[in-house]
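Report on the structure given below.
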Amino acid sequence: MPFSNSHNTQKLRFPAEDEFPDLSSHNNHMAKVLTPELYAELRAKCTPSGFTLDDAIQTGVDNPGHPYIMTVGAVAGDEESYDVFKDLFDPIIEDRHGGYQPSDEHKTDLNPDNLQGGDDLDPNYVLSSRVRTGRSIRGFCLPPHCSRGERRAIEKLAVEALSSLDGDLSGRYYALKSMTEAEQQQLIDDHFLFDKPVSPLLLASGMARDWPDARGIWHNDNKTFLVWINEEDHLRVISMQKGGNMKEVFTRFCTGLTQIETLFKSKNYEFMWNPHLGYILTCPSNLGTGLRAGVHIKLPHLGKHEKFSEVLKRLRLQKRGTGGVDTAAVGGVFDVSNADRLGFSEVELVQMVVDGVKLLIEMEQRLEQGQPIDDLMPAQK
């Protein structure tokens, strides 16, 4: 398990080749990048909080691959991980984020007025719309590496900040450990709450230690603005509602997020961010905006079409099953969202989803009438 530094010194008694993990059957980004030479070069290093290379890669060693998506296979334990282990993380980031270079700069745009349209996605097809991101609080270790005290301090800070929100963002906090089993399951089934920590990716990285201590969910009174505390990231901020008004969802998201950041700053805390990687999060796949704008969309015909995957790829979108990353589609309903996180601004990513979903609906309508969709095939974005 992560968080043990004396153990790292112990390991160094063995030569690097004796400690190098067997990655022969692995299909993840870490396994593509990590060579015995790189392992030998980085294994003795650690961040100021004691996070090591072996801590970073453990989840990818224990989880060779995923049937639906290519996993990353490495996590950060603190803000410095991306710097201390940059020789591992930079190629992973480049591979994962479409050639993003170590010299590239990330751009942020949380002004919902810059989004064109998006308030009229057809509710006959779009069942719900959702935008989420993560935020990490500077000065604390990230979930794979944080201590109980750090986790509890993050919970306390977050709850204090969130309780200052007012208007339609005002709400309350529900600590996981004080929820009944039934309450918890209801929130999970309604897609409001993260699952119990059964995901091997969470378990192997050390993120599920001490569960459910200092974990919880804050949401406003009508459950359209939610904040998860201490799951994979310090904070996961989510705006969601039924139907196809992505503009409204994104506007609430930007307003709430900006207010939360201001509240943290008033307590002398800021979010981890730098000009190259944007917002720093636990998993390299979420760097940059950390943003996933998604819709649950009914595509019974297009979902079975041989060109469906190609269409999504060209639109820079990805599909997941109805229940999230580890699930299959039920009743022709897919969770469709932006594939990118880094190198595009928040507005650009939501725009891609809005424009792409409109085209998917047009294609579905064509197929309903038994007509071809070849002339609607998009160019690569």
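Using the three backbone atoms N, Cα and C, a Cβ is placed for every residue, glycine included.
Of the listed candidates (V61, V72, V75), Swiss-Prot assigns V72 to the same creatine site as E232, S285.
When T35, T47 are looked up in Swiss-Prot, the one carrying the note phosphothreonine is T35; the rest have no such note there, which does not rule it out for them. Looking at S25, S128, S309, Swiss-Prot tags one of them with phosphoserine, and that residue is S309. Per Swiss-Prot, the listed range annotated as region 'Internal MTS-like signal' is 130-138 (candidates: 13-21, 130-138, 148-156, 184-192). Long-range C-beta contacts of Y125 (phosphotyrosine), restricted to its own chain and to partners at least six residues apart, with a cutoff below 8 Å, comprise G244, I297, K298, L299, I361, E364. Sequence-distant neighbours of the region 'Disordered' (96-122) (same chain, 6+ residues past either end, Cβ-Cβ under 8 Å): 29, 72, 86, 90, 129, 243-248, 250-251, 253-255, 257-258, 275-279, 284-285, 287-289, 295, 340-348, 350-351, 354, 357-358, 361. There are 11 other Cβ atoms within 10 Å of the Cβ belonging to S309 (phosphoserine).
Here the compositional bias 'Basic and acidic residues' (96-110) is broken down by DSSP into helix, strand and coil counts: 1 helix, 0 strand, 14 coil. Note: the Cα of D335 (ATP binding site) and the Cα of S309 (phosphoserine) are spaced 13 Å from each other.
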